[in-house]
């Protein structure tokens, strides 16, 4: 490529970058000026189309500029940086869109509500509850609140965003210890912005620990690669802090530390000239680190109920047999198929990106093996933990451990991201030196698949009808409605609802003493559940289905979920006209009504 062509391309890229930088503030303003006014079944439908168009256009332009600069003989000084910055800004916008559009809270029907409740308890009592096995996030949030006086509800939205923003820089520094070539570092960082990691939005210790994981990997690789006491001090701090952040990633750390040497060891056995086996110092350090991490993790985790529960489950499985995760999975698959849903399609939508990343890592294995040298020693060592974690996921499915095996998928994705960068640059180098059609097609195919993954992960970032998921949005009126009910209810009368977990709102709104007085359930008991169509297809009033009086909450999510998310099931469960009939049911008294939230008193049979 001659100098004139390069100059023309640079001018074109500059114009494109200027346009993208001009459009991004426009997209942010449009999104901010169209806030959510109530519950939305899909953030994708409710956000103006122009916002998605600008973000996708800017991302595509940024990727094209970065790849073009990588393919140049001389890597440009700054254009690739600006292109990567555009992509990074779009990435941040995607994961913060629900905040920009003014969502009051996120996922208060799940774990985040309980975590907010624990933080409020720490602020109120000045000590951490003995039941919290992962208190670091709660302590950190409490410190932020005490120092800045920022509302806890806002902190619950900003902290996951903070870790999500740091995830890409963490992947960048991890790439720097894996690769020596600047282009491979750039491409691996680029691959980390595809939103393929699904833990960006929820205010949970597990989510934040997963986004923090690339930094942990970097520290472990650094301390094993470099004989430096400063890194050893840092890894000791990490070993003590990480188990308190969340216990699940610790299992991955054990695998990481204990299997990094395996690929090099196997390679050395196959190739007698290899120097892949680590020094005695490195091996001794691994054993010491493993021992420290193991002793502290067991000491910490065994102090809580989850340890006893896990041991009991394993003992029952070994001695008596019991329900396996794979049995539960098969049951869920059959249940979904029974309603006519395509399970394969949903798996590809939700996990297609992660599966592609792992597949690329597997495909690159013979290439890395063939070209292995000191330059790719750290990259080659990642095959050990990658394959063992994949195997561990399968093993957990044949157990009854108290956590979902799919929680481990995020670690395989993080590791596989490095191989995406490697394979992309491998094709680019081969095209430059050999210019074979095979490599050209390989590069085009891989880039095309990455764009498909990019679009799909954007569409699956937020729960929506696309992935048969209801939006995790929690409206202010919903919180106010539940607060009113807790303050005004007769404590002898129980509560029911359609999409309602009483204990979560109790965690969010009540103190420990108040929760005991309210006698809230984790899940609504079967005898209190609302019948499909409110029973109007069999009886004239809802009260005929109960032998007691009840409070019943109805929110906008209840009305929209079978209209927008599961329309195929609406005729079986609830249709819009069912909710209208509630207003004419003589056995019901509407005692509270706000925008999107209603509370009924069911006058049950005496």
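Glycine residues also receive a Cβ, built from the backbone N, Cα and C atoms like all the rest.
Within the set 351-369, 465-483, 484-502, 503-521, the record from TrEMBL flags 351-369 under the feature transmembrane segment. Checking the ranges 269-288, 309-328, 329-348, 409-428 against TrEMBL, the transmembrane segment annotation falls on 409-428. Between the listed ranges 440-462, 532-554, 555-577, TrEMBL ties the annotation transmembrane segment to 440-462. By the Cβ criterion (under 8 Å, sequence separation of 6 or more), the transmembrane segment (376-397) is in contact with the transmembrane segment (161-179), since 3+ such pairs are found. Only pairs six or more apart in sequence are counted, and the transmembrane segment (82-104) with the transmembrane segment (440-462) gives three or more Cβ pairs under 8 Å, enough to call it a contact. If you look at the transmembrane segment (351-369), the same-chain residues 6 or more away from its ends with a CB under 8 A from one of its CBs are 191, 194-196, 198, 267, 376, 379-380, 383, 386, 390, 406, 409-410, 412-413, 415-417, 419-420, 422-423, 426, 446, 449, 453, 456-457.
Of the Cβ pairs linking the transmembrane segment (161-179) with the transmembrane segment (440-462) and spaced 6 or more residues apart, fewer than 3 are under 8 Å, so the two regions do not touch. Through the fold, the transmembrane segment (248-268) approaches residues 206, 209-210, 213, 216-217, 220-221, 224, 242, 274-278, 282-283, 286, 289-290, 293-294, 297, 369, 372, 377, 380-385, 388-389, 392, 403, 407-408, 411 of its own chain, all at least 6 residues removed from its boundaries and within a Cβ separation under 8 Å.
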